Amino acid sequence: MRIGSYQLKNRIFLAPMAGITDQPFRRICTHYGAGLTFSEMMSTNPQVWHTEKSKLRLAHHQEAGINAVQIAGCDPDEMAKAAQINVEYGAEIIDINMGCPAKKVNRKMAGSALLQYPDLVKQILNKVVKSVTVPVTLKIRTGWDKDNRNCLEIAKIAEQCGIQALTIHGRTRSCMFEGEAEYDNIKAVKEQLSIPIIANGDITSAEKAKYVLDYTNADAIMIGRGSLGNPWLFRVMESLIEKDSIVLEPSLNEKCNVILQHIQELHQFYGVEKGCRIARKHVAWYLQGIQPNPVFRQAFNAITDPKEQLIALEGFFNLILMDKEKNVRTTT
């Protein structure tokens with residue numbers, strides 16, 4: 001699959017997720033097979049561009065793979081300016097957020113709130129596409145609510161404005177993340193558009209990924225919450241989708257080493273206080289797929305020193321690995 005001049009290595013992408021898809025997490029997902037990863041959402045409000053959070057999100061030069069950056073806002077001129085600034089900092093693809101359902105985003109008329117105003121959508125897309133030389137993509141939902149599913153209308157506007165690829169999450173804004181994603185509307189859009197369509201929503205296994213691609217005939221899929229604590233999912237999906245073969249997840253020992261590396265990179269990227277704080281949620285997600293332990297998690301969450309976090313994790317993982325070895329010996 002191509003987006004603009006970029007040939008992507010596969011059709012399995014990491015979704016932009018605020019507070020999650022920072023550089024360390026994107027690097028790990030790229031290593032484990034994500035064909036394209038997107039940054040956290042960047043506000044187009046110039047008043048926040050100089051905050052520490054925005055500065056970290058603007059550091060595109062250390063990226064692994066293609067630098068795809070998502071921006072969010074509602075003012076066409078501000079959106080265009082934000083796109084230009086991100087390109088100056090190294091962004092190679094600009095993605096426009098018109099899918100976020102969060103109230104704090106929608107109250108500012110950004111994210112999925114824009115789906116209610118097709119004329120404004122057209123103004124924004126035209127401005128951004130004309131302001132940069134890199135490909136511009138768009139992420140939306142199927143509509144504002146069940147009575148206003150207008151993703152086909154928005155998709156046609158996007159294609160007319162020069163959008164290079166369109167991601168559709170299979171829920172309306174009013175659904176938030178409740179219920180199950182539906183793929184009929186994604187399929188309908190794909191049937192009528194010529195630009196690449198990326199399907200998104202509730203894709204948490206290789207089998208589901210293959211089903212969604214086959215059902216919708218989408219050009220690619222985008223994985224969001226399914227990747228939390230599970231970055232190796234991309235490799236498993238790629239093997240089934242691209243090679244029609246099953247590849248095993250990494251060994252427990254490899255997973256433990258990856259987690260330790262991830263936590264160490266978070267400390268280096270964010271600094272002591274914030275790095276330790278962000279590490280806690282990632283550790284919680286990782287442990288869900290390895291060995292949930294509320295007692296250890298509570299103790300880990302109380303640690304405020306980076307070295308002590310790593311020591312605690314190493315000790316916990318050593319116990320898990322020792323138990324596994326004992327179980328193997330007793331069964332053989």
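Cβ coordinates are placed from backbone N, Cα and C, and glycine is handled just like the others.
Annotated FMN-binding residues in Swiss-Prot are Pro16, Met17, Ala18, Gln70, Asn200, Gly201, Asp202, Gly224, Arg225, and among Lys130, Lys139, Lys307 the one listed with them is Lys139. DSSP gives Gly201 (FMN binding site) a coil state; it is part of no helix or strand.
Take Pro16, Met17, Ala18, Gln70, Lys139, Asn200, Gly201, Asp202, Gly224, Arg225, the residues named in the record as contacts for FMN: the widest Cα to Cα gap among them comes to 21 Å. Cα separation, Gly201 (FMN binding site) to Cys100 (active site, proton donor), rounded: 13 Å. In the three-state DSSP scheme, Gly224 (FMN binding site) is classed as coil. Of the listed recorded positions, namely Ala18, Cys100, the sparsest Cβ surroundings within 10 Å are found at Ala18. The binding-site residues in question are Pro16, Gly201, Gly224, and the one with the fewest Cβ neighbours inside 10 Å is Gly224. Less than 8 angstroms from the CB of Lys139 (FMN binding site) sit Ala15, Pro16, Gln70, Asp95, Ile96, Asn97, Met98, Gly99, Leu166, Thr167, Ile168, His169, Asn200, each of them six or more residues away in the same chain.
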